[in-house]
Amino acid sequence: MALPAGRTAYKKKDGILTLTPDQQTVTWTPNTGGPAQVSLSVANVTNLQQTPDSAAKTMLKVFAKPSEGGEPVPYLFHFNTSEAKDEAKAVRDLLSRLLAEMKNSDPNVPTPNVGTPNTQANGNGGSGASGSMAFASAVNKSQQASLQWFDDSQLKNNYELQQSLMKKDPSLHRTYMEAMAMKPDTITGSAFNTQFWSTRINMLRAHAIETSQKGGQYNVLSTVRAKSDNGELKLNLTVEQIQMLLAQYPLIRRIYNENVPPRSDKDFWVEFFTSRLCTRLRGERVEENANFSPLFDKHDINENTPSYHSKIMAQNVPHIIDIEANEENQGGVRSGNKKDVEMRPSKHVAIVKTVNSVSERIMANVAPSDPNDEVANEAYTQLGLRDLRGPEEEHRIMLNVKEQNKLFAKRDAAPSSNAQVFAKQNPDDVLFDIQADLATLVEDGVGGLDLAAGIGFNDDSESDEEDNSPAKRNHVGSRSILRVAEKEILHGISQQRAQQYGHASDDTTPMGLSRAMADRCSLTHATTVEFLHQFWSAFLSGDPDRAAELQYLAESLAKSIDRINVVAEEATKEREELIKKRKQDIRDHYERTGKKIRWKSDMVEGGREAVIKLMQPVLDAIDGARSKYADALAAEGIKVSTES
């Protein structure tokens, strides 16, 4: 069989891309003749990427590891003839078959079970590599946090942790405030803070450990139920639960993205939890008279695990727990007692696969409880016979201090800073300056001194500034200086009051939005962030098989912008209703009392502007993701579709 060859361009030079007769090396030879300029071992090839058939240009990108090791290097070949697509397909198919044969023949790489798809999906809808990187990042963060628990200096300087502990313990907060009020003036605030918390390191460490612990993921679908109240279905669903539902069930995420909007979030989730699909995903039996939902019940639960691949099979499973391998070695159990009814294959295999896939997505990001084998063996060796050893000898260095009286001898104290300043001054010059200042004082006419005039303050003037000269504006006692001093005093009072009684602002109504609208913003933000996670997981995986999924996720980001705009329009309507109601109240007040109330519509917060300000970071993230996706398509010669 003839080896496939493709007429390609590499680094703007024409040549031939083919394989050696032994099918062990990929070569590219220029048309000008000479040896092959590119020679890649098939064993070092890690990935292949080809442009879609609908693209105007046909290109093949080969990722290969260098012979000396390191990260894979991409090689881009451009097929530039009339038969480019057929030649590229022939070369790619042969390379894909060779890579698959090498992978199957490698004893170190376990093969998946029959019937299990090769495509892998984790809880975030990403590849296994991205899930491993996320897990490693989480482990590194937890290790850094645990190191901070044992560092006393970091605990004593962690102001946020101290404030959090005092909010939780009011008695400790009162103790701190009383001690702060009674401290001597010679002790600074930072010195007092360090001294106060140095005796409470154990409390700070316990609070840091408590606040760093977070609840893990769980199967949300089995805990949420729709309740009926006077014929109306009510659902208690939090933002965190919705995020976990979208992460654990790709089918629900796809239906949500396709139908919200125009359907509202509340109607969507109420209809889902009353559908037959929800009952099947829970693993429960569907009643004959159960409610039928045309939106959800047309889907099969097998759609939830089309790309699911067990991560357990990617690891070396010990033979003692590898049940399938044991049955294969024994030739299967063909005699004896029948298996228990729960162990026989049944029609509920799809439900079992769905539950297993959800369980493994949850456990994928959980840190293993068993340590590394090498570390465990070293610890076991150290602890093996330690209980039989005798007491170890103490190796201490004895210190003897001679002539201790010299350490406590009284020494002459150095002069203070004020004494050093006074020693450098000339008494005649000091007296002359004092007499000059006294000569500027003005008498008040009755034998006294006019102190207000002496500092440049005119009590009879109502203007903010009596003089526009810089000396007048910066003069001690001017109205501007007094106003600044008053502002600083009031700011200090408000700070002390906030520390003792808490802030007056309500976190449930940010920027004037109502509580219901703030909850909608929070829900929309959570779902948008979830789609961003899915997009970047697919985009950074480098897997050409996920190109269709990546296109779908890019369209999902565009729909996320539509969801944000819908929430902004509803906030605008809500603000207009508040303005209309306030105007009517002012008219009624004027008709009753004949007095006008000074009011402007700008005093009413909320509306579209508030929603856009809250959502601006996530909107910027969406724009960045879409621009990266457009740049990637342009680099591959694919035009970005403008259809929404």
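The backbone N, Cα and C atoms fix where each Cβ goes, and this holds for glycine too.
No curator has checked TrEMBL annotations; they are predicted automatically.
Note that this is a predicted model, so its numbers are computed, not measured.
Your range for coiled coil, going by TrEMBL and the list 141-168, 281-308, 309-336, 561-588, is 561-588. Beyond its flanks by at least six residues, the coiled coil (561-588) meets 260-261, 512-514, 517, 520-521, 524, 527-528, 596-597, 599, 601, 604-608, 610-612, 615, 618-619, 622 of its own chain at Cβ-Cβ distances under 8 Å. Averaged across the coiled coil (561-588), pLDDT for the predicted model comes to 90. The residues of the domain 'BSD' (149-208), classed with DSSP into helix (H, G, I), strand (E, B) and coil, number 48 helix, 0 strand, 12 coil.
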